[in-house]
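Read the structure below first, then the notes.
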Amino acid sequence: MINISEKAISARTATATGRIHLRRSTIQAIREKKVKKGDVLEVSRVVGTQHAKNTFLQIPYCHNIPIEGVDVDFNVGEDYVEVSCTLTTTYKTGIEMEAISCVSGALINIWDMVKYLEKDESGNYPETRIDGIHVVEKRKTPV
């Protein structure tokens, strides 16, 4: 792990985003809150937050940093759900890996909650895919 003891503390923010592509009927079930496992977006918000908080446990060279804020937002389109996670900290190292982890966790959870609606006759997922996970913005401000 990189030694950050000599680095200055800075206010840091990172935003990441990604999408899951789903059948239109699945999107309708999400909007109408008719998914068997519960409210997909609210559960995914919690899962994303948990993933952000546990990034250092999943990625061995990430530092355990003090997360001061997590905002998980959803944009539900006609055939996709876009997840956007913005995280903040005041620390010696960036928070972009936590933002990516937040997005990834939320997207994976969406898939888990709706997979029964997405499977075809053979049990596969021909229309379901997660893509576009990336850091949209990273800011660092001296304190």
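Note that the numbers count up from 1, one per residue, in the order the chain is shown.
Cβ coordinates come from backbone N, Cα and C, glycine included.
What Swiss-Prot says about this protein:
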{"type": "BINDING", "residues": "Tyr61, Cys62, His63, Met97, Glu98", "note": "substrate binding site"}
{"type": "ACT_SITE", "residues": "Asp112", "note": "active site"}
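Each of the recorded positions Glu98, Asp112 was scored by the number of other CB atoms within 10 Å of its CB, and the largest score is that of Glu98. Comparing Cβ neighbour counts within 10 Å across the binding-site residues Cys62, Met97, the minimum falls on Cys62. Sequence-distant neighbours of Tyr61 (substrate binding site) (same chain, 6+ residues apart, CB-CB distance under 8 A): Met1, Ile2. Spacing of Glu98 (substrate binding site) relative to the residue listed as 'active site' is 21 Å (Cα to Cα, whole number). Cβ contacts within 10 Å of His63 (substrate binding site), excluding its own Cβ and spanning all protein chains shown: 16. In the three-state DSSP scheme, Met97 (substrate binding site) is classed as helix. DSSP gives Asp112 (active site) a helix state.
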